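Here's what TrEMBL has on this protein:
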DOMAIN    3-283  domain 'NADP-dependent oxidoreductase'
ACT_SITE  Tyr37  active site, proton donor
SITE      Lys66  site 'Lowers pKa of active site Tyr'
BINDING   His105  substrate binding site
Amino acid sequence: PMLGFGTWMLNDGKNCTEAVAQAVQAGYRHFGGAIAYQNQVCVRNGLREGMKRTGLRRSDLWVTSKIWSTRHGDQVPIGMETNLEQLGLDYPDLTLMPFPIGTVHNFSEYDYVSTWKEMEKLVAPGNAAVKGKPRFIGIFKFKVTQLEDHRVAANHFDRFIKLKLTPYLQQNSFVALHKQHNITLTAYAPLADTNPAYRREGGMTGGRYSRPDRPPPILQNPVIVAIGKARDCTPAQVTLAWNMKRGIPVHPRAARVDHIKENFEAYKCALTEEDMQKIVALDIKFRMWNPCPEVLGSPCFVGQEGGSGD
């Protein structure tokens, strides 16, 4: 589904459960989670409550999980089992490897090929809904060269990759590369700096990721605001509709009911080609946060726009 619902930083407990349930009611059918978010149990409760309120079945939803860096290599089955247990699911629709870097052995190593081989073993035949097996597998936060290495090494290359794609970081050449290989992209954090984590000085933990060159919040950008007024859309809807018009599903995160509904209504925001060209001019190649050197000790995004070899 083109409109997904992100769950990062949704608070555990009733607020998280109700936000997810409200998202189901609002029309979202695509949900993304991860064990590192430490809220998969309340996401499970929210999905169940949402299905109860709407009469939907598990097969009506698309749920994405992740194999975290601590469960790379031969630890992949354990990571899969833990995700399913916390989410209360028999199977995930998509399981992603979010980092090419593993930390299983208490140090950082690029082990994405061996980890992918383990993930390949688990994929359900014919991408069917089979207990304990993902229907599809995918990756994100990979360098350009790692993507090519990965394509060569993979026997089972399911075409799902997640990227940071905002009007400030459009990555047009990288998007074109994926389309050339018939790879489906999804955009995480598509509203740029609206998540409180990105508004903190220095990203998640401060220090060397402080960005004095930070642009204005995307939802306050005059171009986005003006397009919204012309199309009777909110700035958030314009920003989401821009990616979707490029054929890229989006995963906005929201906790408030009004924001949940507002984001979902983005599919009604009809942008013109002139609007799209105005947004192209906003591309300043600004990446708000590069987590890999900070969290995992090795770089990601090398060769991408806004990337770094730090």
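Cβ coordinates come from backbone N, Cα and C, glycine included.
Structure coloured by features recorded in TrEMBL.
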residue : record                               : CB count, 10 Å
Tyr37   : active site, proton donor            : 20
Lys66   : site 'Lowers pKa of active site Tyr' : 24
His105  : substrate binding site               : 10
